[in-house]
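Annotated active site, nucleophile per Swiss-Prot: Cys104, in sequence order, evidence recorded as sequence analysis. The annotation active site, cysteine persulfide intermediate is assigned in Swiss-Prot to Cys200 on the grounds of sequence analysis. Under the heading ATP binding site, Swiss-Prot lists Gly13, Met14, Ser15, Gly16, Gly17, Val18, Asp19, Ser20, Met39, Gly128, citing sequence analysis as support. Feature annotation from Swiss-Prot assigns disulfide bond to Cys104-Cys200. Residues or ranges marked as site 'Interaction with tRNA' in Swiss-Prot: His129, Gln343.
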Amino acid sequence: MSKAPKDTKVVIGMSGGVDSSVAALLLKQQGYDVVGIFMKNWDESDELGYCTSAEDYEDVRRVCDQIGIPYYSVNFEKEYWDRVFTYFLNEYKAGRTPNPDVMCNKEIKFKAFLDHAIKLGADYLATGHYAQVDYSDGEYRLLRGVDTNKDQTYFLNQLNQYQLSKAMFPVGHLQKKDLRQIALDAGLATASKKDSTGICFIGERNFKEFLSNYLPAKPGKIISLDGEVKGKHDGLMYYTLGQRKGLGIGGAGTGEPWFVVDKDLEKNILYVTQGETHPSLYSRGLIGADLQWVSENPKPSVIKCTAKFRYRQPDQGVTVYVEEGNTCRVMFDEPQKAITPGQAVVFYDGVVCLGGATIDQILK
């Protein structure tokens, strides 16, 4: 960082949550020229979406007033609809389970919002993510947050060198409990606010009900792997591989619980199997699409590393075979359960996040 903090303008994306509130406070304490910006990504007048954005913006206003920084709201509803929500619906239509957070970071926070921040004269864009950036051997590296339980590099895996060169993660070195304490000690309005969970535009509402407003549900049969009809499903898009709850089959006296093992989109059949250790729930590898490495240095065609296939999962040993057209074949050291097409596979070397891909196919 060549300029002194007081001459360095940092735009911080504020959500109204405690993480971004403390991030803003720390930047201000470190002497940066800080501006808080609240992103509005969903149209609240659209009754189908649930949004707490009016309350959240009020929290941003209160925190920014407390710490003495200017604040604005910026509207990215159109960009969000075009680049994230349309993708979200298309993935569900294709029978997959998308991860809108990964796409939102790639296309909105660190693209549309970053562009906006730079137009405002910002040197950096900061967020409340639990992650860290460092500069080593002429490249930026994305590192896990110190609080391993909160680390959010899984959702940031698609960020490139330019995006990381402009990113600041002021709370990445903190444990969550210490972050809360900082907020309480400073008397921040958001100090005791609970963390948001779930997909931002659905909020606390029923997921099935939300999705049915946008995509027509096509009920069909639930069939076991040995061909027996077990019941009816409400529409394949409502089910995820490995899912156990909400199938409406089984119950007391029917033996082990049932799990979703496959979806046949053409025939509109949901396949299930009984028992959580059934071999059909496991796979030995996957094909990844849209592979993006954080580093721009040439990669070997075969890489031994660890990977996560879902957020907060312990790292698993893998071998990545880099193939043409931004695809890769990932073979697991140990068979993995319930790998889900549409989700992210994210690669690590110790604390360094190497990048990631979208799970495209499962290799049984």
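Cβ coordinates come from backbone N, Cα and C, glycine included.
The Cβ of Gly17 has fewer other Cβ atoms within 10 Å than any other of the binding-site residues Gly13, Gly17.
For the recorded site, Met39 (ATP binding site), the DSSP three-state label reads strand.
Applying an 8 A CB threshold to same-chain residues 6+ apart, the list for Met39 (ATP binding site) reads Gly13, Ser15, Ser73, Val74, Phe76, Ile108, Lys109, Phe113. Secondary structure from DSSP puts Cys200 (active site, cysteine persulfide intermediate) in coil. Spatially close to the residue listed as 'active site, nucleophile' yet at least six residues away along the chain are Asn41, Tyr80, Val84, Cys200, judged by Cβ distances under 8 angstroms.
Counting Cβ atoms from all protein chains shown, Cys200 (active site, cysteine persulfide intermediate) has 20 others lying within 10 Å of its own Cβ. Ranking the recorded positions Gly17, Asp19, Gln343 by Cα distance from His129 (site 'Interaction with tRNA') puts Asp19 first. When other Cβ atoms within 10 Å of the Cβ of Gln343 (site 'Interaction with tRNA') are tallied across all protein chains shown, the result is 24. There are 20 other CB atoms within 10 A of the CB of Ser15 (ATP binding site), with all protein chains counted. Between the C-alpha atoms of Gln343 (site 'Interaction with tRNA') and Asp19 (ATP binding site), the distance comes to 25 Å. With a cut-off of 8 Å between CB atoms and residues at least 6 apart in sequence, the same chain places Gly128, His129, Tyr130, Val171, Leu179, Asp195 near Asp19 (ATP binding site), listed in sequence order. DSSP classifies Cys104 (active site, nucleophile) as helix under the three-state reduction.
DSSP gives Asp19 (ATP binding site) a helix state.
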